[in-house]
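Presented below is the structure to which this report refers.
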Amino acid sequence: MNLNKILKLIPKTDLHCHLDGSLRPETILDIAYKENIPLPNKELANFQEEIKVIGKCTSLKEYLNKFNLPIQIMQKEEHIYRVTLELLEDALKQNIKYIEIRFAPFNHLKDGLTLDQVINTVLTAMNYGRTHLNIMSNLILCILRQEPVEKGIELVNTAKKYVGKGVVAVDLAGNESDFPPEIHEEAFTLARKYGLHRTVHAGETGLPENIIKSINILGAERIGHGTYAYKDKEIITCLKENRIPLEVCITSNVNTSAVTSYQEHPIKKYLDEDLIITVNTDNTTVSNTNLIEEFNYLIKYQSFRFDDIKKVIKNGIESSFASKEDINKLYEEYLSAINVIELTNPIL
């Protein structure tokens, strides 16, 4: 059995996947035509340069510009439903059995939709995926760092209505360099009060202190990226002692120049130091990747062995914000697949 077949056989999770960064290019093109949205390039091959990063950007800010067009076409319920369902279909092709989709609802109100309409549309598609496609999913709502504090509070108050109905957490995303975590403390305090989980993008772009702030001030239960944790031993100790998982997205970190190369990424060092590491896509379209590709990069550039792969996939199940019932189901499927693989590939 070759490596890709082995990776495909194992049921996986993706805990860090942005909806607006994971649209099919042909869908963006199709909706743009229907909505008369002007395009810089109308041929699919050339157009993809507008929404994908091939290689590196000079910064996270440049990387985030790739989201402009996808957000522009996600302003109607039918389009939001379509791209959500397509993301679930694409995840299934990677044998992802549980995915936490995240996005910022405030980005999708330009044509008159309400927060409730946007959130309900995504949840409706996700419910269809669970019942008809056999893929489990939950929704994480992103507060944008650069937005007024009041918007974050409004989003959390809206999210409260969907606790137990598919919305499991809030996230803090966006320009980390200019907007530190503590700005949005009130929103995260409310989220905890309402029973919402908390994950925060932190330490992605060279500010390791944001990791500690996110944990201590915002009550983060997971950290998105955490790439620069190695800069401070105190942070490594904090992550280890508090058993805070990192949502690692290796290709994205190369794209944003958070790391210079796949080889230089600290993921294997973190894993060897017994941090809880999960492997995720971040943005399948913008980063031009998928989950199996991420594992292939880890094998090629980080010398991941089969035991490492098993460990991070198991971490993904255990670190998820899924219900206990869903976690147990995922774990049973994972163990079953691992048993088959190890019986048929004893040299692994």
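Every residue gets a Cβ built from N, Cα and C, even glycine.
When secondary structure is read from DSSP and collapsed to three states, His16 (Zn(2+) binding site) falls in the strand class. Non-local contacts of His16 (Zn(2+) binding site) by the CB criterion (under 8 A, 6+ apart in sequence, same chain) comprise Glu100, Arg102, Thr199, Gly224, Glu247, Cys249, Thr278, Asn280, Thr281, Asp282. The Zn(2+) binding site feature in Swiss-Prot is assigned to His16, His18, His201, Asp282; the stated evidence is sequence analysis.
According to Swiss-Prot, the feature substrate binding site maps to His18, Asp20, Gly174, an assignment based on sequence analysis. Using a 10 Å Cβ-Cβ cutoff, His18 (Zn(2+) binding site) registers 27 neighbours.
For the recorded site, Glu204 (active site, proton donor), the DSSP three-state label reads coil. Note on Glu204 (active site, proton donor): other Cβ atoms within 10 Å of its Cβ, all shown chains, come to 24. Per Swiss-Prot, the feature active site, proton donor maps to Glu204.
Neighbours of His225 (site 'Important for catalytic activity'), defined as other CB atoms within 10 A of its CB across all chains, total 27. Here Swiss-Prot flags His225 as site 'Important for catalytic activity', drawing on sequence analysis.
Within 8 Å of the centroid defined by the CB atoms of His18, Asp20, Gly174, the record's substrate site, lie the Cβ atoms of Leu19, Gly21, Leu64, Phe67, Arg102, Phe103, Ala104, Asn107, Cys142, Ala173, Asn283, excluding the listed residues themselves. Using a 10 Å radius centred on the Cβ of Gly174 (substrate binding site) and all shown protein chains, the other Cβ atoms total 19. If you take the CA of Glu204 (active site, proton donor) and look 10 A around it, the recorded positions you hit from His18, Asp20, His225 are His225. A distance of 6 Å separates the Cα atom of His201 (Zn(2+) binding site) from that of His225 (site 'Important for catalytic activity').
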